[in-house]
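Peer 1: Residues annotated as domain 'O-antigen ligase-related' in TrEMBL: 196-333. If you look up TrEMBL, you'll see 7-32, 38-55, 67-86, 92-109, 121-139, 159-177, 198-221, 233-252, 316-340, 352-385 marked as transmembrane segment.
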Amino acid sequence: MDKLKYLIYIFFYVPIFYSCLNLQVFITNFISVSLGQISAYLMIAFIFAGILLVLKKSEEKAPLIKLWIAFYFLYYTFSLIASAVLGNEADILKTLVYITYFLGFSVLLSIPEYRKLTLKVLTITFFTTTLLLIYFKFINFSVDVSGIYEYNLDRAGGVYGDANNAAVSSLLSFIFINQSLKNSKNKYLKYIKLVGMLISFYAVLLTFSKTGFVVALLVIMLVNYKLFTPKRILFTIIFVPILLIGSINLALSSGKLSTVQQTRVENIASILTLETDNVGLSGRDYLLQNMLNYINENPIIGNGLRFSNIIRGHNTILGVWADAGIFTFIFFIILLITYVKSSFTSNSNVKYFSLAILCTLYIFMLSLQTIINQGYIMVVFVYLAYNINDNQIKKHEYKP
């Protein structure tokens, strides 16, 4: 392997590990704030250096990438106008990180030879986050306090210090492990795949995330679509809810759950039995209503760059509207729908892999404000765009 490829790997894949493992927070908390900031800028410099190295080899961008570019143009145009008109803060530097990841990997993954390796890197990175989540829970380590917590942690937050973000990462680990080792004929790799997926699912359970648990059930069905014959679907509809409710009742009666954990499990039971009135929203309904009030005040141009993050709106989709107005919001919805539509027209291997990822990210968009504000998540969206596009091209080529 020549030195140029080594540099390309370093300039692109080190930033993935850095972003996904939330290393800036660890560097800031355990070394120094200034070094944490320097490391973040270094990752941006890495990606720009990587772009320069591969730019000549880059090929045409996938249609979904072009939609993202149009979305960002609308988002920045309207949000910056809103910031100027309303006098709200417009900290562009804080938005450069995930934009840089998007641009960098849009260029890198336009080159087919880097797509398989990127899949492997994402798989290893997400699985690493699940292992760290389990280890941190075992030693009672909390990112929020930068050390061992004095009380038992009710919910595992992993490297993010947040249970829902940790659940997203664990679910992506589950999906990517399945995809990476899907067609392996080696029995040892099959065992590794099974163990990796079980560990990832266990990590989701440790987060005690209501959303994470429900999404996990949907993801399991999507990645195991071949197993669902009509008889098995009927069996699943009848017996799986009974099994789940039984397991939940057993957990509740065990006496080993803390008050917070017991409440979370009761909420999951309410979701499964469709008693949604009994499901606690952890205060997100008030945060959402607060954001809706701001949307009503400025529905056309929005309230400014990163406004939804500043007010902690906890909703990625409506956050776009709050930031950049209704036209950007409508375009974002079109972008999300296009991903789903393109996935459905792909072959089974790509379709269910893509839908499992989209199911995870879209549902969590309803309760997290950080889905499209993380570099590693944008890499996933870019990878999906090219993976779907590859499949569409191959279908067209082999079409009789």
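Any Cβ shown, glycine's included, is placed from N, Cα and C.
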Peer 1: Can we call the transmembrane segment (198-221) and the transmembrane segment (121-139) in contact, meaning three or more C-beta pairs below 8 angstroms at a sequence separation of 6+?
Peer 2: yes
Peer 1: Please give the sequence-distant neighbours of the transmembrane segment (67-86): residues at least 6 beyond its ends with Cβ less than 8 Å from one of its Cβ atoms.
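Peer 2: Non-local partners: 61, 99, 102, 106, 298, 301-307, 320, 323-325, 327-328, 331-332, 334-335, 338, 381-382, 385.
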Peer 1: Using a cut-off of under 8 Å between C-beta atoms, tell me which stretch among 92-109, 121-139, 159-177, 316-340, 352-385 contacts the transmembrane segment (38-55) the most.
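Peer 2: Between the stretches 92-109, 121-139, 159-177, 316-340, 352-385, 92-109 has the largest tally.
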Peer 1: Mean pLDDT for the domain 'O-antigen ligase-related' (196-333), rounded to an integer?
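Peer 2: Over the domain 'O-antigen ligase-related' (196-333), the predicted model scores a mean pLDDT of 81.
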Peer 1: For the transmembrane segment (159-177), give me same-chain residues lying six or more residues beyond its boundaries with a C-beta closer than 8 angstroms to one of its C-beta atoms, as numbers and ranges.
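Peer 2: For the transmembrane segment (159-177), the nonlocal Cβ contacts are 20-22, 25-26, 119, 122-123, 126-127, 129-130, 132-133, 136, 142-144, 193, 196-197, 200-201, 203-204, 207-209, 211-212, 215-216, 219, 223, 353, 356-357, 360-361, 364, 367-368, 370-371, 377, 380.
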Peer 1: May I ask for the residues of the chain that lie six or more residues beyond the transmembrane segment (352-385) and have a Cβ under 8 Å from a Cβ within it?
Peer 2: 15-16, 19-20, 43, 62-65, 68, 95, 97-98, 100-102, 105-106, 109, 115, 118-119, 122, 125, 164-165, 167-168, 171-172, 175, 178-179, 211, 214-215, 218-219, 222-223, 225, 284, 308-309, 312-317, 319, 336, 339-340, 342-344, 346
